[in-house]
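K.L.:
Straight from TrEMBL, here's the annotation block:
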- 54-78: transmembrane segment (TRANSMEM)
- 98-131: transmembrane segment (TRANSMEM)
- 143-163: transmembrane segment (TRANSMEM)
- 169-189: transmembrane segment (TRANSMEM)
- 214-239: region 'Disordered' (REGION)
- 229-239: compositional bias 'Gly residues' (COMPBIAS)
Amino acid sequence: MAYQTFRQEYLQVPPVTRAYTTACVLTTAAVQLELITPFQLYFNPELIFKHFQVWRLITNYLFFGPVGFNFLFNMIFLYRYCRMLEEGSFRGRTADFVFMFLFGGLLMTGFGLFVNLVFLGQAFTIMLVYVWSRRNPYVRMNFFGLLIFQAPFLPWVLMGFSLLLGNSIIVDLLGIAVGHIYFFLEDVFPNQPGGRRLLRTPSVLKAIFDTPEDDPNYNPLPEERPGGFAWGEGQRLGG
């Protein structure tokens with residue numbers, strides 16, 4: 001019974017979110033079981049371009065460190081904001097969502113050549129949070145019951161939280177920068193006088209990922225509900 005319930009809930013998760021979060025969890029499990037090591041996964045331009053270890057272009061987005069608070073924190077944010085985007089502003093537009101992944105990943109990898117970061121998954125999560133927050137500007141957030149603010153401030157609050165924990169804010173700044181570039185090109189510039197759409201999803205992605213009808217069994221997360229998700233003891237985070 002428990003397995004059937006879990007399977008049903010798992011299949012309710014939209015495909016891109018399901019694939020990415022599952023890959024992250026399985027990669028972490030493989031490291032924990034010592035089937036692979038982080039040294040086989042991290043972003044290293046020399047190994048990628050000179051030794052053709054091209055898998056590192058993908059695997060560096062899949063490992064968030066050993067199982068612990070930081071891993072769980074990142075997985076919660078990745079799952080929720082990725083799912084809310086996919087079931088919200090990208091509902092019925094899976095190809096466009098995949099294109100955002102590819103565009104964000106390519107741009108972030110390019111920036112990664114100039115910053116000292118070996119894993120870019122956390123920055124990618126911040127990018128997703130940034131895009132969601134800008135598309136839901138009126139959602140009120142409650143962070144650990146300590147701060148109440150509008151959604152667009154969420155990435156900056158997370159950066160402040162990283163700073164308090166003694167972590168480098170380069171990760172947060174990279175995610176915010178890439179998220180802002182995507183948001184500007186997709187949502188802002190096309191609506192300006194003389195503006196136009198510069199980001200266009202390739203037809204091959206539309207042919208592969210877009211389906212003519214929505215799945216009637218989807219159970220979307222409440223993206224626009226004020227207060228959003230429960231976090232901690234009765235507190236709410238997200239929208």
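Here the Cβ of each residue, glycine as well, is placed from N, Cα and C on the backbone.
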K.L.:
Among 54-78, 98-131, 143-163, point out the range having the most Cβ pairs under 8 angstroms from the transmembrane segment (169-189).
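P.N.:
That would be 98-131.
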K.L.:
Where else in the chain does the transmembrane segment (54-78) make close Cβ contacts, counting only residues six or more beyond its ends and a cut-off under 8 Å?
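P.N.:
Distal contacts: 20-21, 23-25, 27-28, 31-32, 38, 40-44, 47-48, 105, 109, 118-122, 124-125, 128-129, 158.
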